[in-house]
Amino acid sequence: METALLRSFSSIIPESPISLTHFLAATVLIIVVLCFTFRSKSTYLIDFTCYLPPESLRIAKESYIEHIEMSKLYDKETYSFQVKVLERSGIGEESCVPIALHELPPHSSLHAARKETEMVLFSVVNDLLSKNKINPKSIDILVSNCSLFCPTPSITSMVINKFGFRSNIKSVNLSGMGCSAGILSISLAKDLLKVHQNSLALVLSMEAVTPNGYMGTKKSMLLPNLLFRMGGAAILLSSRKRDKRIAKYKLQHIVRTHIGSDDEAYQSVFQQLDEAGHVGVSLSRALIPVATKALRTNISKLGPLVLPYSEQLRYVWSIIHKKVLLLPSQKKIYAPNFNSALQHFCIHAGGRAVIDGIVDSLRLDKEDGEASRMTLHRFGNTSSSSIWYELCYLEAKGRMNKGNQVWQIAFGSGFKCNSAIWKCISDIDPTERNAWSDRTYLYPIDEVPK
């Protein structure tokens, strides 16, 4: 039988040594191509955790106003301005600030900033890994983002040291990227997972509030003091095909937009010194128009990826009517209905004006902005992690169903607008404990008048 097989094989492969070499090389090439073709290129979100601060760190509006008054830093006009912003901010009575900012005067030292960072990130990483029974040494990629606090050693090094990650872990620490850095970190992790197949990636998003309190009196630089609160999130991603069965979501699209070549956009969120030499971040009056412009550019790239052809045709036809045919009956360009393709929206909780502006621009229903408004109310502006608190809210309320798609929209200094589209690929259990579990029954709440 062996002789017969050899004869059959010999009849297929030519006797020439060169031809045999070519045949083997071609066979290896075909196998390699097939491996690259059929290997998983998907990015799965296995699970994520949001930080829930202890109740002792809550700061009610009255307490915040009392701190402002007792600091004796502000004249009557500046004091009234801050009280007015707080009352209309959309932030409720349960948002939290680090212990250092409960002191008078605020104690914003390097040590205090490091303690806040450790408190937030060590908590969410421990919760995420223990909940999913993940050995820290199985993490292949670590990406963190914190815009204004960039210590040495880095934040990723803090986490590696605490949890004992492997020495060959691929770690990246992002800073200065603003509130949109959460999606930037996901984008970077996705690209690394494509290069390093069959890997696990841990993404950490937060902003340290402790070192960034502004001690001056310039109104545009006081706004971050009034809006930002402590928070953070840990997200576990995988490119392993076997993890699809346990993953919550699959990443569909990421679209990144940067309009920093425009001076007005570049300076709309800007860290600088005021006239008295105090460091702070200035939010310009052009911020909302700039954000709208960035969103419009982002949507022009995202729309063709997610919208049904019927919506795309209506949009194109309205442009032809208005700009080519110059018909007076076409007053406005048609705004595509994103509800026709997406079921949920997580809009960065940068402030009430930001949320309302995006909801109006996209012509969404009031309910589509609920997760963002409630996150702002309970947790304040937690910067890059706010979109994860919003997704957490949707899960806790039992609204995320298998097959649903959710759009995360984030804005950040530079100026950037970034979008991520996730598809739910599992049955989400609303009773699973998360950062909203203890307050789900209280929300949504009626907001205070504008």
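The backbone N, Cα and C atoms fix where each Cβ goes, and this holds for glycine too.
Per TrEMBL, active site is recorded for Cys179 (among others). The C-beta environment of Cys179 (active site), restricted to residues of the same chain at least 6 apart in sequence and closer than 8 Å, consists of Ser147, Glu207, His348, Gly350, Asn381, Ser383, Ser384, Ser386, Ala410, Phe411, Gly412, Ser413.
Positions annotated as active site by TrEMBL: His258 (among others). Neighbour list (His258 (active site), Cβ cut-off 8 Å, at least 6 residues apart, same chain): Gly414, Phe415, Lys416.
If you look up TrEMBL, you'll see His344 (among others) marked as active site. Of all Cβ atoms in the shown protein chains, 23 besides its own fall within 10 Å of the Cβ of His344 (active site).
The active site annotation in TrEMBL covers His348 (among others). Cβ neighbours within 10 Å of His348 (active site), excluding its own Cβ and spanning all shown chains: 30.
What TrEMBL records for His377 (among others) is active site. When Cβ atoms from all protein chains are considered, those within 10 Å of His377 (active site) total 22, not counting its own.
Of all Cβ atoms in the shown protein chains, 27 besides its own fall within 10 Å of the Cβ of Asn381 (active site). The active site feature in TrEMBL is assigned to Asn381 (among others).
Feature annotation from TrEMBL assigns domain 'FAE' to 37-324.
Annotated domain 'Beta-ketoacyl-[acyl-carrier-protein] synthase III C-terminal' per TrEMBL: 341-423, in sequence order.
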(request) Give me the Cα-Cα distance between His344 (active site) and His377 (active site), rounded to a whole Å. (result) 19
(request) Give me the mean pLDDT over the domain 'Beta-ketoacyl-[acyl-carrier-protein] synthase III C-terminal' (341-423), rounded to a whole number. (result) 95
